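Undergrad: Okay, these came from Swiss-Prot:
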- CYS1-CYS121: disulfide bond (DISULFID)
- 16-243: domain 'Peptidase S1' (DOMAIN)
- CYS42-CYS58: disulfide bond (DISULFID)
- HIS57: active site, charge relay system (ACT_SITE)
- ASP101: active site, charge relay system (ACT_SITE)
- CYS135-CYS201: disulfide bond (DISULFID)
- CYS167-CYS182: disulfide bond (DISULFID)
- CYS191-CYS220: disulfide bond (DISULFID)
- SER195: active site, charge relay system (ACT_SITE)
Amino acid sequence: CGSPAIQPQVTGYARIVNGEEAVPHSWPWQVSLQQSNGFHFCGGSLINENWVVTAAHCNVRTYHRVIVGEHDKASDENIQILKPSMVFTHPKWDSRTINNDISLIKLASPAVLGTNVSPVCLGESSDVFAPGMKCVTSGWGLTRYNAPGTPNKLQQAALPLMSNEECSQTWGNNMISDVMICAGAAGATSCMGDSGGPLVCQKDNVWTLVGIVSWGSSRCSVTTPAVYARVTELRGWVDQILAAN
């Protein structure tokens with residue numbers, strides 16, 4: 001996991017605002033969640049051929065579509081259109097506090113893995129991803145908060161991780177909990193439509209899912225940290241669901 005066949009290239013790394021177009025298929029775990037009419041409403045990440053992780057607030061239903069292998073939404077590239085058979089939402093998901101903003105989608109048929117489609121590694125409960133570490137988020141979310149529509153091509157942005165203490169200075173102490181991790185405030189951000197998608201960090205040369213795009217500034221301010229569900233804290237629940245299903 002976590003090793004793209006096509007290498008990503010991220011500027012300044014050696015809902016996405018002030019990002020850049022990704023190298024096509026260089027984030028092979030990136031999923032587009034779409035309504036049956038093809039409208040993209042959230043992102044997600046492939047964690048193995050049968051499972052996708054996304055945000056609980058995306059409200060995925062079994063009639064939605066899971067698209068893997070996509071780069072340009074406007075082209076009929078070699079995508080796989082998959083169906084969810086079951087959706088599991090964290091039992092402690094709270095839409096008021098936005099705590100535990102994670103859902104797992106079991107696919108009705110497995111994704112076919114290959115050059116353009118492969119899973120991301122999941123952060124272990126014991127992993128430490130330090131503040132200041134440069135990580136990358138990707139998605140088809142708005143490139144500015146008042147844009148008329150989402151971009152066709154997958155966007156990416158490098159963002160530094162931030163400590164929860166520092167993040168609380170922006171959002172207030174009661175908003176940022178231990179099941180959240182913040183990143184950004186450095187000139188780029190996630191925006192509407194990126195929700196559920198990945199925040200990945202490179203650890204031991206593999207890309208590891210550290211955050212799930214959860215919430216942030218309503219105007220997608222690039223000087224305000226965006227908030228992600230903290231995968232290391234939620235890993236135990238993920239393992240439980242995968243083991244039982």
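Glycine is treated like the rest: Cβ placed from N, Cα and C.
Could you place these features in context, so I can see how deep they sit and what lies close by?
TA: Look at CYS1 (disulfide bond): DSSP puts it in coil. Non-local contacts of CYS1 (disulfide bond) by the CB criterion (under 8 A, 6+ apart in sequence, same chain) comprise ILE47, ASN48, SER118, PRO119, VAL120, CYS121, LEU122, VAL206.
According to DSSP, CYS58 (disulfide bond) is assigned to a helical segment.
Summarising the environment of ASP101 (active site, charge relay system), the number of other Cβ atoms within 10 Å of its Cβ, over all protein chains shown, is 29.
When secondary structure is read from DSSP and collapsed to three states, CYS135 (disulfide bond) falls in the strand class.
In three-state terms derived from DSSP, CYS167 (disulfide bond) belongs to a helical segment.
Sequence-distant neighbours of CYS191 (disulfide bond) (same chain, 6+ apart, CB under 8 A from its CB) are ARG15, ILE16, VAL17, GLY141, LEU142, THR143, ARG144, TYR145, GLY216, CYS220.
There are 26 other CB atoms within 10 A of the CB of SER195 (active site, charge relay system), with all protein chains counted.
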Undergrad: Please average pLDDT over the domain 'Peptidase S1' (16-243) for the predicted structure.
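TA: Mean per-residue confidence for the domain 'Peptidase S1' (16-243): 94 out of 100.
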Undergrad: Looking at the recorded positions CYS135, CYS167, CYS182, SER195, CYS201, whose Cα is closest in space to that of CYS58 (disulfide bond)?
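TA: The answer is SER195.
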Undergrad: For CYS121 (disulfide bond), which of the three DSSP-derived states applies: helix, strand, or coil?
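TA: Its secondary structure by DSSP: strand.
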Undergrad: Of the active-site residues HIS57, ASP101, SER195, which one sits closest to CYS42 (disulfide bond) when you measure Cα to Cα?
TA: SER195
Undergrad: Tell me which of the disulfide-bonded residues CYS135, CYS167, CYS182, CYS220 sits in the most Cβ-dense spot, judged by other Cβ atoms within 10 Å.
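TA: The most densely surrounded of these disulfide-bonded residues is CYS182.
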